[in-house]
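Visitor: Okay, here's the structure, questions in a sec.
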Amino acid sequence: MRPLARLRGRRVVPQRSAGELDAMAAAGAVVAAALRAIRAAAAPGTSSLSLDEIAESVIRESGATPSFLGYHGYPASICASINDRVVHGIPSTAEVLAPGDLVSIDCGAVLDGWHGDAAITFGVGALSDADEALSEATRESLQAGIAAMVVGNRLTDVAHAIETGTRAAELRYGRSFGIVAGYGGHGIGRQMHMDPFLPNEGAPGRGPLLAAGSVLAIEPMLTLGTTKTVVLDDKWTVTTADGSRAAHWEHTVAVTDDGPRILTLG
């Protein structure tokens with residue numbers, strides 16, 4: 001990963017050529033396929049480790065490599081974060097899905113040297129109204145951020161759009177959502193995590209410009225309660241500080257002259 005200090009002075013979010021965006025979209029398609037396979041396999045009695053094995057199989061059969069596996073010592077190909085887990089949940093045989101669970105899966109793949117990164121949230125069977133609203137609000141916040149990925153905007157215009165999407169969802173669903181503090185999106189390309197960091201809230205009009213070819217991984221994380229989190233003893237799993245449930249949606253998105261291009265679609 002390029003040292004962050006070298007990138008903080010950039011005036012433009014790093015750009016990719018048309019061919020490089022196509023290469024990233026190929027990696028993103030692998031991620032999308034893995035997430036579809038996980039979603040199809042998730043059922044009561046299924047362990048989160050078995051979902052990880054499915055993802056790794058799909059990724060490797062596509063000629064790609066899991067981005068997460070071994071990253072700073074991370075031991076799996078996906079992050080499986082269930083109920084009050086926000087992000088970075090480590091899959092295990094002991095963690096078995098049950099009806100009503102709220103499941104967030106984050107997945108990354110590298111193909112021909114280019115990374116794709118995406119996350120989805122879904123229920124095991126029917127969700128409570130609150131959990132359904134939480135997941136939808138998070139997805140809608142993501143869509144709001146994607147819509148702001150246009151030439152001439154600045155980094156925090158995307159952050160502000162995500163926050164505005166969250167506040168609009170609060171009105172739509174008649175409940176408050178916590179925007180998880182300290183976590184957000186990032187640049188992506190030849191490395192999975194690159195500058196700039198993308199907050200999920202904040203004032204608009206600041207930070208580097210978006211230009212054609214700029215790419216960001218946009219990933220809002222919302223809770224039904226607090227904005228605060230705790231990292232468990234495994235040094236990876238992030239949970240809500242108050243035990244409230246959390247949701248996480250993510251896409252890798254490029255700025256083009258024709259508008260936003262989602263690179264993690266199937």
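Cβ coordinates come from backbone N, Cα and C, glycine included.
Residues annotated as substrate binding site in Swiss-Prot, with sequence analysis given as evidence: His88, His193. The divalent metal cation 1 binding site annotation in Swiss-Prot covers Asp106, Asp117, Glu250. Here Swiss-Prot flags Asp117, His186, Glu219, Glu250 as divalent metal cation 2 binding site, drawing on sequence analysis.
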Visitor: Find, among the binding-site residues listed as His88, His186, His193, the one whose Cβ has the highest number of other Cβ atoms within 10 Å in the structure shown.
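Guide: Within the set of binding-site residues, the most crowded position is His88.
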Visitor: By a simple count, how many Cβ atoms lie within 10 Å of the Cβ of Asp117 (divalent metal cation 1 binding site), its own Cβ left out?
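Guide: So the number of other Cβ atoms within 10 Å of Asp117 (divalent metal cation 1 binding site) is 28.
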Visitor: Around the recorded divalent metal cation 2 site, report the further residues of that chain (criterion: Cβ within 8 Å of the mean position of the Cβ atoms of Asp117, His186, Glu219, Glu250; site residues excluded), sequence-ordered.
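Guide: Surrounding the site, in chain order, are Asp106, Ala118, Ala119, Gly185, Ile188, Ala217, Ile218, His251, Thr252.
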Visitor: Around the C-beta of Asp106 (divalent metal cation 1 binding site), how many further C-beta atoms are within 10 angstroms, looking at every protein chain?
Guide: 23
Visitor: Run through His88, His193, Glu250 for me and report the binding-site residues whose CA is within 10 Å of the CA of Glu219 (divalent metal cation 2 binding site), in sequence order.
Guide: Glu250
Visitor: Under a three-state reduction of DSSP output, how is Asp117 (divalent metal cation 1 binding site) classified: helix, strand, or coil?
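Guide: Going by the DSSP assignment, Asp117 (divalent metal cation 1 binding site) falls within a strand, counted as strand.
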Visitor: Return only the integer: C-alpha distance in Å from His88 (substrate binding site) to Glu250 (divalent metal cation 1 binding site).
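Guide: Cα-Cα distance, His88 (substrate binding site) to Glu250 (divalent metal cation 1 binding site): 14 Å.
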Visitor: Inside 8 A of the center formed by the CB atoms of Asp106, Asp117, Glu250, which other residues of the chain have their CB, for the recorded divalent metal cation 1 site?
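Guide: Here the nearby residues are Val31, Cys107, Gly108, Ala118, Ala119, Ala217, Glu219, His248, His251, Thr252, Thr264.
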Visitor: Within 10 Å of the Cβ of Glu250 (divalent metal cation 1 binding site), how many other Cβ atoms are there?
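Guide: Its Cβ shell of radius 10 Å holds 26 other Cβ atoms.
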